[in-house]
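Working notes for the structure below.
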Amino acid sequence: MEVTFFGTSAGLPTKERNTQAIALNLEPYSNSIWLFDVGEGTQHQILHHAIKLGKVTHIFITHMHGDHIFGLPGLLSSRSFQGGEQKPLTLVGPKGIKAYVEMSMNLSESHLNYPITYIEIDDHLTYHHDGFTVEAHLLNHGIPSYGYRVMAPETTGTINVEALKNIGLEPGPKYQEVKSHDTFEHNGQVYQSKDFRGESKQGPIVAIFGDTKPCSNERVISRDADVMVHEATYIDGEKHLANNYHHSHIEDVFALIKEANVKRTLITHLSNRYNTEDINEIYQTLIQNEDTPNFNFVKDFDSFKI
């Protein structure tokens, strides 16, 4: 799996950063691409990357602020002509996302040549697709804003060859059945496959947050995550200023990393008050402290393997 950032600025774009957009490549578990938020200009950003809109099967919107959705109508329209013809799309987001898209399409007389399935979240959501489980939980941003916990499929445990030989089953095609089925038959007897396999291993867990001030659901979403994508609109100054505007300060994110046992954190949605030089200087200062957890400030077009 791989996460790619097409926009990392908060509120407004800058000369160096677009507004929010994240792509999650599901390979090797699936050939699909999932997008999280579609800020203005996202489709133009994607033109600079190998990702194709035709491979985008799902779009997850965290909340309805413009810097997270203003690029959606244009991207949906362009998908019709960039390999998305007749390929269904699932659009998940807060209440109102369906009305926003349909009104935009109607007023602009745009016609999509593929079906969209809308899933509007109320308080929380559990969604299953291609072995993936996605949980959405409500955050604290003044308007409905959600964080998504994406759990990849489990990897089947290793076959216990000696145990199979003990029942007279030698290596061969039957082993694939043991690996991929709940039960198998040998010499007229039915066996439980789990008795001949090691423990299954949970696939990668990715937590992707919408805008929020600290809240209890953050720990639910990010618990034991392999990768967490979190906003830190404010990366210096006084923490209360961030929280007054229902946003997170870098210190809030560091506390969450430690509480939730997050392995790697990618910080996005940086205020447009910070230029690249500012961000680099703040980063160097922060990592001098031995208590600072593992994190990166991300920039547009950064990609990270999971």
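Residue numbering: from 1, along the chain as shown.
Including glycine, each Cβ sits where the backbone N, Cα and C put it.
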If Swiss-Prot gives His63, His65, Asp211 as binding Zn(2+) 1, which of His129, His141 does it give for that site as well? His141
His128, His137, His269: which one does Swiss-Prot list with Asp67, His68, Asp211 for the Zn(2+) 2 site? His269
Between C-alpha atoms, which of these binding-site residues comes nearest to His269 (Zn(2+) 2 binding site): His63, His65, His141, Asp211? Asp211
CB neighbours within 10 A of His68 (Zn(2+) 2 binding site), counting all protein chains shown, number 25
Near Asp211 (Zn(2+) 1 binding site), how many other Cβ atoms are within 10 Å of its Cβ? 28
Asp211 (Zn(2+) 1 binding site) and Asp67 (Zn(2+) 2 binding site), Cα-Cα, nearest whole angstrom: 11
With neighbours defined as other CB atoms within 10 A, the best-packed of the binding-site residues His63, His141, His269 is His269
Beyond His63, His65, His141, Asp211, what residues of that chain have CB atoms within 8 A of the centre of the Zn(2+) 1 site's CB atoms? Thr62, Met64, His68, Leu139, Gly142, Ile143, Ser145, Gly210, Thr212, His246
